[in-house]
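Annotated domain 'CBS' per TrEMBL: B:141-203, B:205-261, in sequence order. Residues annotated as transmembrane segment in TrEMBL: B:287-307, B:319-340, B:361-381, B:387-413, B:425-448.
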2 protein chains.
Amino acid sequence: MTPFKLTEELIVQINELVELRRDSELVGLMGEIHYADVAEIINELNEEEATYLIKLLDSDKTSDVLTELDEDVREGILSNLSAKEIAGELEELDTDDAADIVGELPQEIVQEVISEIEDKEHAKDIVDLLRYDENSAGGLMAKELVKVREGWDVLTCVKEMRAQAENVTRVHSIYVVDDEDHLKGRLSLKDLLTTSTKTHIAQVYIPKVDSVNVNEKPEEVAKIMSKYDLEAIPVVDEIGRLVGRITIDDIVDVIKEEADKDYQMAAGISQDVEADDSIWDLTRARLPWLILGLFGGAGAAVIMGGFEEMFRQYTVLFLFTPLIAAMAGNVGVQSSAIIVQGLANDDIKGSIGNRLIKEMLLALLNGIILACLLLLFTWIWKGNFMTALAISVSLIAVIVVAGFIGTFTPLFLHKRGIDPAIATGPFITTSNDIFGILIYFMIAKMILGI
Amino acid sequence: MTPFKLTEELIVQINELVELRRDSELVGLMGEIHYADVAEIINELNEEEATYLIKLLDSDKTSDVLTELDEDVREGILSNLSAKEIAGELEELDTDDAADIVGELPQEIVQEVISEIEDKEHAKDIVDLLRYDENSAGGLMAKELVKVREGWDVLTCVKEMRAQAENVTRVHSIYVVDDEDHLKGRLSLKDLLTTSTKTHIAQVYIPKVDSVNVNEKPEEVAKIMSKYDLEAIPVVDEIGRLVGRITIDDIVDVIKEEADKDYQMAAGISQDVEADDSIWDLTRARLPWLILGLFGGAGAAVIMGGFEEMFRQYTVLFLFTPLIAAMAGNVGVQSSAIIVQGLANDDIKGSIGNRLIKEMLLALLNGIILACLLLLFTWIWKGNFMTALAISVSLIAVIVVAGFIGTFTPLFLHKRGIDPAIATGPFITTSNDIFGILIYFMIAKMILGI
């Protein structure tokens, strides 16, 4: 397939067609485009045009388009639709997507929208889903699933499944429950294809099935599903009753969001901004970290001010402060990134003590190599061995301490239940800058006997 | 489910059981543990113990365990197995996983291993897969899939499908091909559940099906599958013949690896190390970036050396160099991270010029706010307005330039076909340190009229 490419020309063409109300051409054009791509197009239109298109197209397409839109665009469009129209879109969606949209609606219209949904079972499922925390397995799951009772024979089962499958976009597994809806096991699709229709459910189902609790965190669900290569996982409540299922496509989104978040944190950007957000949104996400950096820099300036006398005598020491600060920052970021990533992937094992010792040995090794290079450079440049030695030895100490701080901080935060990712980026560079400069001056002072 | 937790006690217990050759207990214990968890256990054992366990357990389990092991552990174990034993493991695996393992074997034993595979069809598929670049759709795909010919009637179709499904772990879609194997469309599983068995394939199949070319890059496949929420995608060769399919679990791994790689790059770590790698491996991944930082720092020192006279007079300027360097670095990393992430998610649209202007406006806004804070601080601290002004105005200029470099570099690299992620982290901080300090001194000099 040639992947869809959003072009300036296409947007202009659509602007014109909307302007001229060429409805049938619009419907024809949009009919050929995947809903995820239609969403990309609509994200680029103004609210009036976007609403026009949504109202024009069939709701079995527009409902999917709505789920893919940027949140602010969707909000704008929905504010122009009647409760009945919104209900019509929700009718077409799986319960998880529908519940997500209802969750974004202004509180005062929710009840009206829900009451306009014709399929009462669907409406009930959506309302059920609304009570779960967005940041939990319950908030991710859908009610659509195929389940059979262990007491049934295969004939009843197949009949029931056909009916249920009508409402389920993708059938992953057939879950087996008892009369109280407790999850007992599963029937695989493969079994379905290869087993004779005369068998009894209780005899053929696989009694082992992975499941997650409704209160489980999305990141944990993601870990379980990707570790065990699951494409869907049933969700059970506190007493083991089957209440929904989560599919891998939702988990792919969770994984991407997690990765984006950690990456942005490491870069000193509060989560959830994109390149196309407004200058104001971007400032709000970035400025706090820069102010933190400013405080750190001011702190470093005050510390250096305390050594002013020394500098009048040994100006050369001054020249290397940016180098020292940069190395402290770099090592700190490297160390913390390794730990944060290891924690995210669950492969940090063993004691904190051992890990700190390893990291400091590593820092020592790197520090010695770097110090040798720096010693050579400074000695040749300035012709003073003792000064060069003082700077280089300080560098080793600075790097070891930076490695320690970079390793310890995220591990400590993690133990305390705080997201270790905040320990990467500006936070670690700023504190390492200050510690680095302080250590540098103290050691240099000692070695030079000032 | 309670997720599996690898404990020290469990490892000790297994060490003992292996030591005492308590085979039946080992088999019993391992039988209860998922293969992905068994792999975690084996990663912690020594080579001899690991090999013992792999030989002891059934190959329908150990084959899956092998695919989940750390590469070096797997290599160690395989070096202790005979060609016949390795073939036995490959026999149990899907062709994609089998081909990945064969790809890691020493060249001299590949032929022997392949010839020991009893299922000749399976062996042929593995050999077919070996010729694809690891970094392409062909390198990711498996040969296992369910396909039917458009000419068949549903009866033939169901019979054929049952036979094919025996070899396919997970049936996602049924692909429809013509007599020359050209991909024509698909039958959904839902159709299968809900359509009467008397229908003709040509009448019921969906003629629209997303597919990717064998040469497509894994990142592109990942983008397509996650954008269109696909759980499997067929792979076609240059003339449209169906040659394999890629499933979402492989794509989840691609997405995680991509995110990990970008994150590590940003932190100044050459890709592909983990917290548990050896000190030597970690040094190799980290040291080059630190050396780059060292060169940058040395460059900054030389530049500052050129302003030494000025500093004797205005020592206070010196005190703020770490602050200036840190701010330049932070802004540069923020800007580049936003661009790198935007490029990865395909939402950087519009011209480079507009983006640069936006970023510089943003930097100007942030710069002015930060400069005001700095002006106040320095004025109060040092009591000299002109110096405080000089430092603060320089800060604005430094931030704007840092924003420009941070935005321009990744965009430029991307245009040139180079991975923009290398522009984040140490590279951008180091160059911004140098530019920042240079700009700082030049502007301060101008304002203070030195």
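Cβ atoms here come from the backbone N, Cα and C positions, even for glycine.
When Cβ-Cβ distances under 8 Å to the transmembrane segment (B:319-340) are tallied for each of B:287-307, B:361-381, B:425-448, the top count falls to B:425-448. When the domain 'CBS' (B:141-203) is classified with DSSP, helix, strand and coil residues number 21 helix, 19 strand, 23 coil. Same-chain residues lying 6+ beyond the ends of the transmembrane segment (B:287-307) with a Cβ under 8 Å from its Cβ atoms: 268-270, 321, 325, 425-427, 429-431, 433-434, 437-438, 441, 445. Per-residue pLDDT, averaged along the domain 'CBS' (B:205-261), amounts to 90 for this model. Secondary structure counts, DSSP: the domain 'CBS' (B:205-261) has 24 helix, 15 strand, 18 coil.
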